[in-house]
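S.K.: Here you go, one structure.
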Amino acid sequence: SILVGFSSQAGLDALLKRVAPTRAHAAGSPGNGGEPKASMFRRPLKVAGKAKGSGPGRKLPGNMPDSIESEPEMTIGYVAVDFTDADGLPIYTNHTNIEEEIDTLNMMPGVTIAELNGEVEVLGEPGTKDGMKDKGASLRGQMERMLQESKPWGIDMFWAGGSQEVTPPKKLKIVIIDTGYDLGHEDLPKSFDGVTGFIPDGQGTDYGVWDADENIHPRARGHGTHVAGTDRRHWIEQPRSRWSQPGPVQVLFSYREGIQRQKGTTSKKIIIDCIEDCVASGADVINLSIGGSIRSALYESACEAAYDDGVLVIASAGNEGREIDGYPASYDVVMSVASVVEGGGPGSDTYGEKSSFSTFNDQVEIAAPGSNVVSTTPGNNYGSKSGTSMAAPHVSGVAAWLISHFPSCEPNQIRNAMINSSQEPPRAADGWDKLYGHGIVDAGAAYLLLSSEGCEGAGGLSSSDAGMTPSEMAQGGAYQKDIGCTADDHCYTGPSFGMRLAIGD
């Protein structure tokens with residue numbers, strides 16, 4: 001299908017007229033779901049000019065653009081258009097070249113962007129169907145009891161730099177866009193704890209219900225529940241687990257069911273719907289343990305709008321095990337998380353090495369435990385999964401915990417504070433690289449940095465002091481902490497520019 005943004009009602013009307021199905025594909029016939037349903041953005045967004053195929057742009061120091069472009073039309077909404085049916089036959093045109101149709105739609109008055117509505121999938125463990133270590137039915141119950149009582153190795157790693165005995169003073173909301181949530185799990189919050197959910201509008205039974213996570217495609221089964229348990233680990237006392245964290249419930253979970261149950265995948269349009277709903281529901285942090293290979297202007301703009309509205313967006317770098325861009329992690333406003341292993345444990349040369357499957361690129365920003373991570377699974381159970389999907393919620397949980405303590409800090413400052421306090425992985429030279437980003441997340445060290453230096457000293461200037469929007473300040477990867485930095489050792493601009501001095505030096 002094709003994802004199309006529009007700037008006016010007239011533009012939408014013209015679009016719907018063009019894409020009306022032919023007589024052979026009348027509304028409701030096989031291969032066509034009737035007239036496409038438009039979705040409206042919470043507020044108009046600038047989308048045009050980020051056209052298909054463009055790679056991640058790199059802002060120069062000072063955030064000066066390479067060239068001045070004309071002001072684009074504002075995009076007020078978007079719609080997914082089915083181009084061909086299940087047999088590959090055109091629904092409303094006489095040709096089957098989707099690239100030509102995208103070019104045609106981009107020329108229409110009132111259309112701000114037309115692009116492929118690419119596929120997005122959960123990032124499960126490479127080489128297995130669902131990321132679960134299958135020990136066989138006879139051993140599974142015994143294994144789950146042992147996992148329930150064990151302390152996940154990642155806890156000691158991301159608490160290396162300080163005490164975890166600090167109770168968060170402020171409630172906030174983490175929103176997870178994933179496969180679903182095992183609402184009845186004893187170690188996860190219930191509806192009376194404030195857990196809510198959302199299913200994309202008009203999707204029928206393809207997306208099932210948000211509060212279950214078992215009867216779905218094997219590659220996605222239990223994925224969302226496992227991610228939720230990892231996120232939750234930073235926050236509450238787990239009644240059945242000896243590895244629990246102290247303190248009362250201070251976080252509201254909200255779930256967005258974004259993955260089709262029979263396929264284990266979804267489309268960019270559905271994820272945009274979910275992001276918009278997350279922000280409208282008051283999200284402080286959005287966790288996206290999902291990814292795809294195709295860049296999308298509308299998808300990126302939805303992430304930018306969330307970031308500008310005070311939401312920190314965190315995503316898995318990917319499980320390709322090679323250098324390649326993946327989205328949404330490679331958007332500048334999204335914090336891209338790589339995965340590391342326990343190796344031989346603390347003190348060994350392999351403790352914190354990059355997981356073999358972890359994708360690397362210029363946008364990788366921080367790393368976290370992602371191999372053999374123990375967390376909750378459907379049916380009041382526990383399991384070990386691997387993937388950057390497991391690394392991202394470690395960072396999301398740390399970010400939420402920090403926001404609760406330092407609510408006056410902007411997302412850009414919390415993000416940079418985590419980078420500036422990260423611990424060095426086992427690599428040849430200190431600093432940023434494509435494998436680990438700036439280092440391994442350290443909740444305790446980030447807390448101490450923010451406590452001693454404040455929002456500005458730990459994370460750089462606020463957007464108002466910098467005279468930019470948060471999304472304009474966002475760089476991603478090596479360059480993230482450069483714009484607005486206030487300490488010389490925070491002003492690394494990456495391999496293209498080297499070190500420079502802080503503002504005021």
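A Cβ is built for glycine as well, from the same backbone N, Cα and C atoms used for every other residue.
So TrEMBL lists these for the protein:
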{"type": "ACT_SITE", "residues": "Asp178", "note": "active site, charge relay system"}
{"type": "ACT_SITE", "residues": "His223", "note": "active site, charge relay system"}
{"type": "ACT_SITE", "residues": "Ser389", "note": "active site, charge relay system"}
{"type": "DOMAIN", "residues": "170-439", "note": "domain 'Peptidase S8/S53'"}
S.K.: Least buried of the active-site residues Asp178, His223, Ser389, going by other Cβ atoms within 10 Å?
M.R.: Asp178
S.K.: Taking just the CA atoms, what is the gap between Ser389 (active site, charge relay system) and His223 (active site, charge relay system) in Å?
M.R.: 8
S.K.: Roughly how many angstrom lie between the C-alpha atoms of Asp178 (active site, charge relay system) and His223 (active site, charge relay system)?
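M.R.: On Cα coordinates alone, these residues lie 7 Å apart.
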